[in-house]
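Visitor: Pasting a structure below so you can have a look.
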Amino acid sequence: MATLAPIIIDGSYLEGGGQILRMGLALSAVQALPISVTKVRAGRSTPGLRPQHLTGTIAGGGYLADTQTAGSVTLLIQAVLPCTLFANSPSYYKLRGGTNAEFAPQIDYTIQVFRKIIYSFGVDFTVFLNKRGFFPKGQGEVTLEVKPVMKALKAADITDFGEVVSVHGIAYVAGVLPIKVAHKMANAAVDLLHQRLPQNIDIRINRVKDDQERAFGNGSGIVLWAKTSTGCILGGSALGKRGREAEEDGCTAASEIISCVENRLCLDSYAQDQVIIYMALAEGKSRIRTGPLTNHTRTAIWVAEMMTKAEFKIIQEEGTDCIIVECEGIGFTRARRN
């Protein structure tokens, strides 16, 4: 059998971060296609491979992946999940690193928002938060369980907003930070949500202080998720930062939810880029209604089109900031890889 020439991917394209590597490697593993990624993470202050980019496997079974830093475990999930969907048996991972880190979705978002969004594509996975970990040392841990798909992923249509029915969330603190910080974040978020959203929706934010068994180090944050009558799930979040008032973090998370609701978006900016790979691999036409595309999303589309030959179409809704992204997926199955 002739050896396939590798697909050459410019790692400096658009956002120039680890996403190109994560998605490129995932699609390479899924489709058994060789790739060569140049200028890896050229757009980052510390270019090249980091420990979290060197960890993971695609085979079914039980595995441990440790970034050995505060590298985000949610980015590890983004890398391994597409691969393990096409394994020949269920996969079980313990992933260690930063669970709530900058420049990555917080683990609470992955559990409460992203997991439910890609269920629409036929993806079934579970994440358990065992211990939170923060910058600079990480040492958080999650358990990821993935059931492989027996056929192609389903195309999904996520374009009907309906009406918002609830906003729930969690405001957490760990280490030396007192519970009052969580209350300040939550109260500020609730007040702003009540001011800007319809009065009949259910708004509840849990306030939590994680002890040493549930968190390593000091940290705080807030993650919100809104549900609509048609099943859309939208997220908003903020990570606590020294020197910034907790109320500001609560308002940031609430404002992200409010923006999605007021613009009737069906997918928030954090989920945009994450669903692209599943749209490309699914069978049939998928559609999402979202806001202006992020560079992460444009990068994801570029990689997906290059490596799968799926066709994406970007449609600007007239008179709004809303974008419809359509994709005719390739209907990939495990049989096509063998």
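Counting begins at 1 with the first residue displayed.
Heads up, the Cβ atoms here are built off N, Cα and C, so glycines get one too.
According to TrEMBL, the protein has these features:
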type     : residues                          : note
DOMAIN   : 56-314                            : domain 'RNA 3'-terminal phosphate cyclase'
BINDING  : Q78, Y270, A271, Q272, D273, Q274 : ATP binding site
DOMAIN   : 159-259                           : domain 'RNA 3'-terminal phosphate cyclase insert'
ACT_SITE : H296                              : active site, tele-AMP-histidine intermediate
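Distances, neighbours, how buried they are, the whole picture for these features please.
Guide: Q272 (ATP binding site) counts 23 other C-beta atoms within 10 Å of its own C-beta, drawing on all protein chains shown.
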Visitor: Can you tell me the CA-to-CA distance separating A271 (ATP binding site) and H296 (active site, tele-AMP-histidine intermediate), as a whole number of Å?
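Guide: Counting only the Cα atoms, the answer is 10 Å.
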Visitor: So how far apart do the ATP binders Q78, Y270, A271, Q272, D273, Q274 get, largest Cα to Cα in Å?
Guide: 13
Visitor: Starting from the ATP site formed by Q78, Y270, A271, Q272, D273, Q274, give every other residue of that chain whose CB sits within 8 Å of the mean position of their CB atoms, in sequence order.
Guide: P105, F114, S269, V275, I276, H296, T297, A300
Visitor: Is it possible to get the count of other C-beta atoms within 10 angstroms of the C-beta of Y270 (ATP binding site)?
Guide: 22
Visitor: Looking only at C-alpha atoms, tell me how far H296 (active site, tele-AMP-histidine intermediate) is from D273 (ATP binding site), rounded to the nearest Å.
Guide: 6
Visitor: What are the DSSP helix/strand/coil residue counts across the domain 'RNA 3'-terminal phosphate cyclase insert' (159-259)?
Guide: 32 helix, 39 strand, 30 coil
